[in-house]
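J.: Can you read through this structure? Questions will come right after.
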């Protein structure tokens, strides 16, 4: 059951909505698709919410979808997370449901304004950069006492997506390592082949030099007797 507001509370809420230029004919009906609340929250937390995610709806189930999205992406981060039953009441325009939620938003906004510091702007920036992050309250046992503490959580679908990307990167890295190993082996074989060719070239060069030397020596030896004979002829 949504909390019961007094006539004074309702009058205060009405004045607050007027200050924020929120116009309506029938509050529960006009806010049933969450668009009115989204418009209001956009003025209070402009970095936290994107109105394009919340189109106007006529079907009750589609209205619930809007509320579930708002509950996950925005209300949970503000500490105003609603139950599934409350979301259904909001979508069906149950009297008192949206007034209770708006009252909580009003009290939160006034408290933030009274504090007058920048902590909420910094927190809003953090939320806007981590749209899939949500804050939930869990029970934790400390000694003999059980206290409620906030805990950050992400959607399981986001976790699965991260795991798939990580696995894809592992496969890519493994394939790249295999290619690197193959190229290293190819380079090693080519280096060995180059060394082998250089050794063969060196042998050929030495053999060629030896043959050239032998030819030169042979030519010198064959020319020597002729020169001696000529010398003898001259003496005669």
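Each residue, glycine too, has its Cβ placed from N, Cα and C.
Automated prediction, rather than curation, is the source of TrEMBL annotations.
Checked TrEMBL, it gives:
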- 16-106: domain 'CH-like' (DOMAIN)
- 215-236: region 'Disordered' (REGION)
- 215-229: compositional bias 'Polar residues' (COMPBIAS)
J.: Mean pLDDT over the domain 'CH-like' (16-106): what is the value?
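T.: Across the domain 'CH-like' (16-106), the average pLDDT comes out at 92.
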J.: May I have the DSSP-based helix, strand and coil counts for the residues of the domain 'CH-like' (16-106)?
T.: 56 helix, 0 strand, 35 coil
